[in-house]
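Student: Okay, here's the structure, questions in a sec.
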Amino acid sequence: MSQRDQLKKARARKRGKIAIILIGLIAIYVWAISGIEFRGIQETAGPVTKNILKGFISPDWSYVYSPDGEDLIRGLLETLAIAIAGIFLSIILAVPVGLWAAKNLSKSFITSQSGKGVLSFFRTLPDIILALLFIKVVGPGAFAGMLALGIGAMGMLGKLYAEEVEAMDPGPVESIAAVGGNKLQQLAFGVIPQVLPGFISATLYRFEINMRSAATLGLIGAGGVGTALIFAIQGRSWDRVGIILIGIVVVVLIVDLLSSALRKRIT
Amino acid sequence: MMDTKLNGPLPAKPSRWPFYFFLIGLFAIVLISAIYIGANPLTFIQNSDNMVDLFVRMFPPAWSYIATTTPAMLETIRMALLGTTIGMVFSIPIMFLCARNIFRLRWLVELSRIGLNVLRTIPDLLLAAIFAAILGFSPLAGIVALSIFSIGIIAKLSFEAIENIDNGPLESMTAVGANKLQWIAFGVVPQILPHFVSYVLYTFEINIRAAAILGLVGAGGIGVFYDRALGFFAYDQVLALILYTLVVVIIIDLISLKIREKLL
Amino acid sequence: MIELNDVSKVYSNGVKGLEDVNLKINKGEFVSIVGLSGAGKSTLLRSINRLIDISSGDIKIDEKSITSASEKQLRMIRRDIGMIFQSFNLVKRSSVLRNVLSGRVAYNNTLRTLLNLFPQKDVDLALKALERVNILDKAYTRSSELSGGQQQRVSIARTLAQEAKIILADEPTASLDPVTTKQVMDDLKKINTEDDVTVIINLHFVDLAKEYSTRIIGLQAGKVVFDGTPEEATSEVFEEIYGRSLKEDELLGEENL
């Protein structure tokens, strides 16, 4: 066979492959689009959109602070408090589970693998679903939201902590073992000082996510600024929706900036 | 024991107080937060029988509910797929605008970045709640919300990848006199395409999880059923839903991971 | 006294680390272990404080078997054995003093050490140890800010604070330059003679072994093939241990010492 024939064959094969991928993709999209029920766009969509845009342009500034009762600042503070208390709870839960899941701290493979299993189970549970469940336990409100975030963040934090521990230098731990330190002392003197910056950085990262999550909890009754938002949406007061969204964006942006500045300083 | 008398002077011991103050401050913030939201461990303990009850009633999971909810699960996948796709299309111009090594207009780049960062602060569920109000309680609201949410992720990851590309091919495109579009098509796109596709798949994984809960605010998908099952206190159905979602998420993650491994 | 009776070690991958090693090391000796890399030097050293579990045989430290010791007994035996590593193994983010104090953990109850509440006499001991290796002024410095030689002296100070009766040193000078190598070896020799501490050291440079030790042990494929004084360890002996003549990089060189 000449070289040209070989080249032709190779090209034909490549084209065949691309064709198969394309056909597959087209099939998937046909399936996806044909299956969506388009109940038609509401007639009100146009005016509502106009009102929302108007709400953004002239938001309800009076809602930012009112001396008595519900206002934006209180909602945002509650959101912040949920995120802070939640992250504290998840640190307490994630440190032991993270250490349990780190394969270089346990003798048997099964131990660390079971820890990883627990973590991935909690990681797939959405915060919102957890919040719905906790509302059933402690009643609606910010406490349920905090518990949901505490448990929900544990999966991710524990995984990040475990990875941090797995990446550490085993030497210092060995040297504490060599002077006769027990397991706890090996942790305190060999492991924790090494992994602390990584732990803090991971925690800050998760805190940024917590802020966003906490802002949505109110939609289902678990406290925070989302409560006010869902009432404003249901009451069609779009100028209020506008100011609440602006408030969320500003606070989340500030938290993001502070957190990433801190993370850069630590590592 | 050896004689511990020092011959030389002891170095000055640094004060630990700043550190202690920092710790105390941190704990104060956590405590105030907890009090502010009325986080009372006692409430939790007093209601722990609620929790036990909830767990007990979860078992055995109502497996039959899986059949009932399968159409909604398929709708969830469709929403995630279309949301990711639309988001991907809109990400393309935005990611080029945000990359410092593509456009030399500093104000344009910085403005795009601020816009993208603002967009990224709004959680998916809030977008869904707003679009459900505009478009009515339908999957369409979810698709639009997921599209906007996807832009935040895909454009962010992609513009960072663009800024890390090799400069050589870009210079050679300039050297042969390419216009801006040709320059991007031949110098940039081949370098970032595998990354871009990988980020799209990654976003799809996230969107599947997100789409599963959008129904809670009326934006379509399987989330509606969570609301329904919890409303009826049918915790066995809730568990079935959780497990069903878990399996679907894991399967899609695995497929996506396989494709991503092949790409990079 | 350290006694090794018929000690063998086979790793899980089938590699033989040690084979029928019988040794008796008396108090106050300065023993160098030489041999090719992979000859089992590190395995031998780590068997003595049971950082590695041996496959068969018995190791006794001052008449007490470390091989069959319980967890608690093991920690008590280890408390008296200091160890110095090639890569220093300090916690780089912790202060020098905290690294030295970590040598005292086995003397105190766990809760106290976790809260970093060491008794004043332990702190005094740690500071004195730092003074003896000439880095007292660095006590509150972060360990990562120290040079390699200084870090190794911190780990020597840790064994001093530990009041170790035996020091195991696993290639302590391998990551150091010739000048700091000599300082570290001098420190070890000083502790050996002044405090009557037994020193067992793995060395890459045979001329260092000849200069500092009172006894040299040659290992080859996990077996002891030489055991004698530095005077007896002629170049022919080393050729036998290494299975070939010495290479440049196995000699530190006279001009450097």
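Backbone N, Cα and C define each Cβ position, glycine as well.
Just so you know, TrEMBL annotations never went through curation; they're auto-generated.
From TrEMBL, here are the annotated features:
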TRANSMEM  B:20-42  transmembrane segment
DOMAIN    B:73-256  domain 'ABC transmembrane type-1'
TRANSMEM  B:80-103  transmembrane segment
TRANSMEM  B:124-154  transmembrane segment
TRANSMEM  B:181-201  transmembrane segment
TRANSMEM  B:208-226  transmembrane segment
TRANSMEM  B:238-257  transmembrane segment
Student: So which of B:80-103, B:208-226, B:238-257 has the most C-beta pairs under 8 Å when paired with the transmembrane segment (B:181-201)?
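Tutor: Against the transmembrane segment (B:181-201), the leading stretch is B:80-103.
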Student: Return the stretch with the most CB pairs under 8 A relative to the transmembrane segment (B:124-154), choosing among B:80-103, B:208-226, B:238-257.
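Tutor: Of the candidates B:80-103, B:208-226, B:238-257, B:208-226 scores highest.
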Student: For the transmembrane segment (B:238-257), give me same-chain residues lying six or more residues beyond its boundaries with a C-beta closer than 8 angstroms to one of its C-beta atoms, as numbers and ranges.
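Tutor: Sequence-distant neighbours of the transmembrane segment (B:238-257): 58-59, 61-63, 65-66, 69, 73, 76-77, 201-202, 204-205, 208-209, 212, 222, 225-226, 229-230.
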Student: Report, as numbers and ranges, every residue of the chain located at least six residues beyond the transmembrane segment (B:208-226) whose Cβ falls under 8 Å of a Cβ in that stretch; write 'none' if there are none.
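Tutor: Apart from its flanks, the transmembrane segment (B:208-226) reaches 65, 68-69, 72-73, 75-77, 79-80, 83, 124-125, 128-129, 131-132, 137-143, 145-146, 149, 237-238, 241, 244-245, 248-249, 252.
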